[in-house]
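Accompanying notes for the structure given below.
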Amino acid sequence: MKLVVALPLLLSSLLAVSSMAKDFDFFYFVQQWPGSFCGTSQGCCFPDTGKPAADFGIHGLWPNYAQCQGRQGLAARAMLGEDVAGAVGRRGKCWPEYCDDGNALRPWAIRDLVRSLEQNWPTLSCKGNGRSFEFWSYEWKKHGTCSNLEQRDYFASALAVKAAHNLTEILAGAGIVPSESETYSVSSVSEAIAQGTGFKANLECNRGADGEAQLFQVYQCVDKEAKQLIDCPLSMPTKCRGDSIKLPVF
């Protein structure tokens with residue numbers, strides 16, 4: 001009799017856990033070059049821990065859909081050889097967001113990661129008064145709550161991916177280094193990352209204060225377990241006008 005009573009409770013518990021799982025297809029792991037962030041007309045502000053190193057910094061680990069509404073979804077389905085006429089996005093977007101507003105980031109959950117996060121995931125925004133924790137909290141609330149990962153695991157996974165594939169070193173190995181005057185082709189940057197990591201990535205450029213195109217962000221794609229890089233299933237606008245970009249000194 002006790003077993004009969006316990007089974008419905010077990011089943012209801014399992015269903016509750018299952019309903020909490022978020023549906024997505026891959027992660028975008030996004031890193032930004034600080035010289036390009038700070039080199040615009042808007043400028044930047046350093047975190048309260050001081051000027052970060054001249055290294056790609058984490059922007060976020062973002063759950064994403066492989067099929068969605070709009071240009072990105074149509075491009076992805078075309079790449080996969082699917083009929084794009086009826087492309088319909090889940091929730092009408094290319095990504096889930098704000099999946100659990102009540103699940104705020106707890107400082108003690110990531111206490112052993114703080115030093116590494118300060119080095120690898122610093123804020124450069126002037127909106128947060130130099131406090132990187134506010135940046136991490138925002139990324140967790142918007143993206144992390146949709147990741148199916150616990151708070152510490154979410155941040156530890158991002159740090160592990162960055163450590164396994166150091167973009168700054170990969171580009172330097174291909175002769176692509178920060179410079180005030182040197183320019184590089186978009187294709188050479190893409191090829192260097194693909195050869196250095198084994199997987200293709202998407203690039204995003206912005207415009208410097210002098211109006212020239214800069215390598216701003218690199219979008220690498222990661223499997224749903226947030227462990228392994230994969231080829232990006234979505235193409236995206238690069239905002240790279242022409243084929244010549246800078247990697248500004250920071």
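For all residues, glycine too, the Cβ spot is worked out from N, Cα and C.
What TrEMBL lists as signal peptide is 1-21.
Other Cβ atoms within 10 Å of the Cβ of HIS59 (active site), summed over all protein chains shown, number 21. Taken from TrEMBL, the feature active site applies to HIS59 (among others).
Summarising the annotation, TrEMBL assigns active site to GLU139 (among others). A 10 Å cutoff on Cβ-Cβ distances gives GLU139 (active site) a total of 21 other Cβ atoms nearby, all chains included.
Here TrEMBL flags HIS143 (among others) as active site. Cβ neighbour count for HIS143 (active site) (all protein chains, 10 Å cutoff from its Cβ): 23.
In this structure, the CA atom of GLU139 (active site) is 8 Å away from the CA atom of HIS59 (active site). If you measure from the Cα atom of HIS59 (active site) to that of HIS143 (active site), you get 11 Å.
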